[in-house]
């Protein structure tokens, strides 16, 4: 285990992995709460065009990816507001366009190739440069600041948007901020997990955590914990087995999900029986059925 | 405190007695003295449509300070749309809205309004505890920044008011419909509002919860809270209601004393559902208007 740390590239990869493990579930929980788990996937597709633009213009792809995916996320949010019935198709266009545009542009660029593309699609532990680590750390700090600092506000907006508006919260601004934060998270994660699998890391740790928790704060904490564990162990596994880290991380996360689900089901059952016993005792067996017979 | 039958004799509690008043700005405090004369809610000639179909066709609705007004009507008569228009969630295509004497568009003082939307059965994607949901209502008072002692106390008080304090750490997903409704009302009460707007608070609520809700509302009304609530039938809330406004096809057809329920419908806890009622059928079959 420790020999892994002898390599500078692995130190950088592990640091990036921890940051991904923290940020992806921290943003993902709000998307899952709003039943928009798929949004991370969409941003990932769009970010590919951003990466390709970086290659084409000779700038660091992380920055161009942040820019393009943030634009894409804002566009998706606007489509959600105004799109109504055709919003579904408009989103699909954005997904396909992002992917196709990325492949097209990267092949047009002098330095880019499909090999580069694969490292961005499925992650790579050897390509995290020193400059990447700095950029990823800055972006991750932004994500943590928003997702934890505005936890109560974002919770309210994602839980019941109409109620949140009536409390006077700036719901539109918060929604846009969440979309941009999700886009930033995608770019934080793309080096290690890859653009095609980043959405899984936003969703699977949350799905796993909520099998065992009863509240939002606990789910958030546990999901981040699971995220860090799977990204670290997945990255180490990739080092020894020479597989793309995105794949091993996501397979591990799904494994954790399966284990927690298997363990939590009997636990929830026991809890439900206890609760049923409690309420039955409280109601003293009184019948509270309503008369719903039409007369 | 029991309400007088005519609804007018209830002493208007000075706002200064309520701790909510101290949190309002001094400017609002001065303004509220003048604004006392204004109705808390004023909807004049309001029209609204959803998906191109007119839902409100010129609704006049005024709710005075301390009043308890029930909005009655059949399914599709526009009751929900009317209250959602009042809280700014349905845009008016015509007419005027004013809250606390301020035109709807310029109204920003949402901490004075507690809103209880119609309960949806769809559960949220991520579990949340009863306390977490109720705490969201406190954001009306403190939108940003960490919650303080007063905020936590207000949340606890709201939970006690609806008899859910012992369930604070339970996930809302595990609650019955009636308990869930009580949580939504506690969420509105956590902001210590002066005006409570509730959309069908008794729909799908078991008898025990209906009685608790009626008790909660009685305390709020006694403390001087203004209430506008959408009801399918008056039910156990009947003794609290000062005035009933009955909507039919997006128009006000009755504005005055609450109609007396007759026969079976007068029984406490009677909740008559008409899933079969066609839109062109006589909208109110419960004897509410007879």
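Using the three backbone atoms N, Cα and C, a Cβ is placed for every residue, glycine included.
According to TrEMBL, the transmembrane segment annotation covers A:12-31 (among others). For the transmembrane segment (A:12-31), the list of distant contacts is 4-5, 37, 39-40, 125-126, 128-130, 132-133, 136-137, 140, 143-144, 147-148, 154-155, 158, 178, 181-182, 185, 188-189, 191-193, 198, 201-203, 205-206, 209, 216, 219-220, 223-224, 226-232, 234-236, 239, 245, 249: same-chain residues at least six beyond its ends, Cβ to Cβ under 8 Å.
According to TrEMBL, the transmembrane segment annotation covers A:62-82 (among others).
The transmembrane segment feature in TrEMBL is assigned to A:89-108 (among others).
Among the features that TrEMBL reports, transmembrane segment is placed at A:133-151 (among others).
Per TrEMBL, transmembrane segment is recorded for A:188-208 (among others).
For A:220-240 (among others), the entry in TrEMBL reads transmembrane segment.
Here TrEMBL flags A:246-268 (among others) as transmembrane segment.
Outside the transmembrane segment (A:246-268) by six or more residues, the chain places 17, 121-123, 192-194, 196-198, 200-201, 204-205, 207-209, 211-212, 226-227, 229-231, 233-235, 237-238 with a CB less than 8 A from a CB of the stretch. Cβ atoms under 8 Å from those of the transmembrane segment (A:133-151) belong to residues 12, 15-16, 19, 22-23, 26-27, 29-30, 60, 62-63, 66, 174, 177-178, 181, 184-185, 187-188, 191, 217, 220 of the same chain, restricted to positions at least 6 beyond its ends.
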